[in-house]
Amino acid sequence: MPSSNGSELGPSFQLAGLPGLGRAQAWAAVPLCWAYALALAGNGAVLLAVRAERGLHVPMYLFLCMLAAIDLAMATATVPRALCLYWLGSREIGFAACLLQMFLIHALSAAESAVLLAMAVDRYVAICHPLRHAAVLTNRAAAAVGLLALARAVLFFLPLPLLLLPLPFCGPRLLSHSFCLHQDVMNLACANTTPSVVYGLTAILLVMGLDAVLICLSYVLILKAVLRLEAWRERLKVFSTCIAHICAVLAFYVPLIGLSVVHRFGKDLAPLVHIIMGNIYILVPAVLNPIIYGVRTKQIQRRILSLI
């Protein structure tokens, strides 16, 4: 039944603030606000720079635009609500809003993983089959990859909130993060969650896990091709074109793995550790990706400076 503690769909949840800080958490949230502002400015600048520079209208930079758009959507789906929690003390989030936020976080993560895989394939074709690169990776192919990444994300992760929808939630409904994650919400259900557990793990392994394996395989083939070159200077020059992408892959997968490890094995850790790891998972890729590609790509640097 509808009540002050829930909605017609289900109960409301309590987001986790910074423990032990009380009103001081408003000041502790200032770095989070600055990181969000940096993510907005950096990714927005990348999008504007690629749009304005016709020479950047190639698959590699179209994939970068997709990455920037995903990071913007991820940060916007989570950080403003977290700031309301820290600054206004608004801890309660409705059941429908929580499930929507949960779906967006997992679906956008899956889409980002797919784009990173596409960028790895782009680097593989450019290095191992340079004569076929322009014919294989066209702008139309890049657009198709973007649509497929979005469709796969929706297909695999839409069932997550649907599996939680009929479950009863009882007792204290306090989440361990400042936003809603599937495993976090699922642990609060007072019913059999085996289907949700099995499907969630399967979806992550088939999407992010498989993407990670294919990215590693791409770089194994790239390394073989690079090591066949005779001169060390030529090897370094060729492999340096992959440095930005490798950094972007690490910025995405290291926080993802860290958050998964904390959820799986960190039940005895302090609540602050869960909150910090969650914020790192959300914001590190969004903040670092524009910096990484801005530093490594002179065309983007010049266009951003001209726009300023």
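Count begins at 1; order follows the chain as displayed.
Cβ atoms are placed via backbone N, Cα and C, with glycine included.
Because TrEMBL annotations are produced automatically, they should be read as predictions rather than curated entries.
What TrEMBL says about this protein:
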type	residues	note
TRANSMEM	26-49	transmembrane segment
DOMAIN	42-293	domain 'G-protein coupled receptors family 1 profile'
TRANSMEM	61-88	transmembrane segment
TRANSMEM	94-121	transmembrane segment
TRANSMEM	142-165	transmembrane segment
TRANSMEM	197-222	transmembrane segment
TRANSMEM	243-266	transmembrane segment
TRANSMEM	272-295	transmembrane segment
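Packing against the transmembrane segment (243-266) from elsewhere in the chain are residues 67, 109, 112-113, 116, 119-120, 123, 181, 183-184, 208, 212, 215, 219, 273-274, 277-278, 280-281, 284-285, 288-289, 292-293, 295-297: each is 6 or more residues past its ends and has a CB under 8 Å from a CB in it. Segment contact holds for the transmembrane segment (94-121) and the transmembrane segment (142-165), given three or more CB pairs below 8 angstroms at sequence separation of 6 or more. Contact count against the transmembrane segment (197-222) (Cβ pairs under 8 Å) is highest for 142-165, out of 26-49, 142-165, 272-295. Across all of the domain 'G-protein coupled receptors family 1 profile' (42-293), the predicted model scores a mean pLDDT of 90. Long-range neighbours of the transmembrane segment (142-165) within the same chain, counting only residues 6 or more positions beyond its ends whose Cβ lies under 8 Å from a Cβ of the stretch, are 9-10, 59, 62-63, 66, 99-100, 102-103, 106-108, 110-111, 114-115, 118, 182, 185-186, 189, 195-196, 199-200, 203, 206-207. Residues 18, 56, 64-65, 68-69, 71-72, 75-76, 79-80, 82-83, 86-87, 279, 283, 286-287, 289-291, 293-294, 299-300, 303-304, 307 of the same chain, all 6+ positions outside the transmembrane segment (26-49), place their C-beta atoms under 8 angstroms from a C-beta of that stretch.
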